[in-house]
């Protein structure tokens, strides 16, 4: 088996598709591997500031079962001889098995397609976690031996020792079967991803990143390393290649250029290679905004994925921006603002949630022009499904049919009693939410009053340990406290049917997505950063040939959209509708105000980046408003300066 310091790349791809379908025993004999090991004597190669280097002449290509824990050059030579003998035997076996493999080929391909659809070995299950940074998942994992595990992507298997988890763990896999919201799980995961997507560095332009990634995907890992790493590869070479793949290591090593750093950066490079292989490749025939418009006009089964950005124009805050909901509740003193949506915390003290729930309460029966755009797709029989992360239920106000809508995180549409399950229309508890009061279940309240009428003394008590549902009081406490009845703090509390951390996802999500990935012909991602599972992993489940278009205020670097239309969601939707003609006029009262009365005079488009295919949709009206606001602020600052005070002193408070 590989030594503790060895990183082994296994190329399980081959010219014949049948070779990939052999059973595990044969596969272990036929796989080709490339072993990365630091050069034990760097003085024999070129000296680079006396740093350790990786000599590619020490990389051995041998059958996996011939790799020993010692990795000496003598063993490598012996392994090469064994490889030649085994290759001859393999050729004879392949000739004998060729006819049988051809007969089985159709059946195997059908099984592979079914596996991809169902999210089994080849593709990820929709329940699998993605890391908290929103980076796409690399692959599932399959055991190779008792001491190793492998990661399979596009026919290339990367193997590491189980006792070295830095590379494997960076995949952020969680093998649990629960359906809890993955975002919180990932935030608490100690094995966080060691890479972050970043196109901001000046040294490497996006065009070179795209070229490097394309070569890797088209030619495989072995040829990629031969082309992009020199014969004696140093740490500098490895780091440069990581950057050239479009990633920056999250953590910097402090040990200088010693052997430990070399091995660590090799692992990070391996991780980058895996990620690139998992990223969707942009289609070469869809590159311009006109291509995007034609797709929207002609597609018949459009999947729309939406987030908080489609509702911010109505005054509903997003969650993660500097002025978003989580920033607004810092005063609660929670270790993590997301805890307001933690089920255990809600059961122990529902007051915390209801003290801030009014801030995210949806407005009464209004919706944005972007919601009208989705409704228009539905009216034209083009909407396959709208998968929304929003809990405001504004889609229903816009007229989107229930069968065309999946509310992935639940919504305020209904509310349920956490004790007896009694369900009501969500708007019934809106008055209590607006008043920062806890709404209670009428049925459980009757039970409570009935107990009180029996003359028993009642006392509200909050406990850390969650009580069972349908149990109005604790019998043990009653006996211990001489007849006193203790009601749990959350007894009979009504809770909006929002999916809290600790609750299962809506069942209709799983059913719908497994159907829709086989029907969709266009994906529109609108108003979301795609950082929260399960919605974040949908784009990775869609077949690569299906076009993907982004409509968002900011670009998303960890996904490869064919075209990105950047700007405020209402402006982008209005631009699309205006360009497609009168039959696409949005059924919203603000549509003409946004686009301008004279055929879209307020809206303009600008190409930002031809390589990334990013376009900016801007609105003159918004620009004028911003300019007026800036002028107003500038005038106020000038008045403050003339009065001899600094701006932050104007309120009488010292900075």
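Placed from the backbone N, Cα and C atoms, the Cβ positions cover glycine too.
What Swiss-Prot lists as region 'Disordered' is 1-148 (among others).
Among the features that Swiss-Prot reports, compositional bias 'Acidic residues' is placed at 14-27 (among others).
Here Swiss-Prot flags 42-67 as compositional bias 'Polar residues'.
Under the heading compositional bias 'Acidic residues', Swiss-Prot lists 75-116 (among others).
According to Swiss-Prot, the feature region 'Disordered' maps to 164-201 (among others).
Annotated compositional bias 'Acidic residues' per Swiss-Prot: 172-201 (among others), in sequence order.
Under the heading domain 'Deacetylase sirtuin-type', Swiss-Prot lists 282-583, citing sequence analysis as support. In the predicted model, residues of the domain 'Deacetylase sirtuin-type' (282-583) average a pLDDT of 85.
In this structure, residue 315 (NAD(+) binding site) belongs to neither helix nor strand by DSSP; it is coil. Annotation comment: Swiss-Prot describes 307-326, 389-392, 527-529, 552-554, 569 as NAD(+) binding site.
Residues annotated as active site, proton acceptor in Swiss-Prot: 409.
For 417, 420, 441, 444, the entry in Swiss-Prot reads Zn(2+) binding site. Neighbours of residue 444 (Zn(2+) binding site), defined as other CB atoms within 10 A of its CB across all chains, total 21.
The annotation region 'Disordered' is assigned in Swiss-Prot to 455-482 (among others).
Positions annotated as region 'Disordered' by Swiss-Prot: 619-655 (among others).
For 620-648, the entry in Swiss-Prot reads compositional bias 'Basic and acidic residues'.
In sequence order, 363 constitute the residues six or more apart from residue 315 (NAD(+) binding site) in its chain with CB-CB distances below 8 Å.
In the structure shown, the C-beta of 311 has more C-beta neighbours within 10 angstroms than that of any other entry among the binding-site residues 311, 389.
Cβ neighbour count for residue 417 (Zn(2+) binding site) (all protein chains, 10 Å cutoff from its Cβ): 23. Of all Cβ atoms in the protein chains displayed, 16 besides its own lie within 10 Å of the Cβ of residue 420 (Zn(2+) binding site). Sequence-distant neighbours of residue 527 (NAD(+) binding site): residues of the same chain at least 6 apart with a C-beta under 8 Å from its C-beta are 306, 307, 308, 309, 310, 311, 312, 370, 551, 552, 553, 569.
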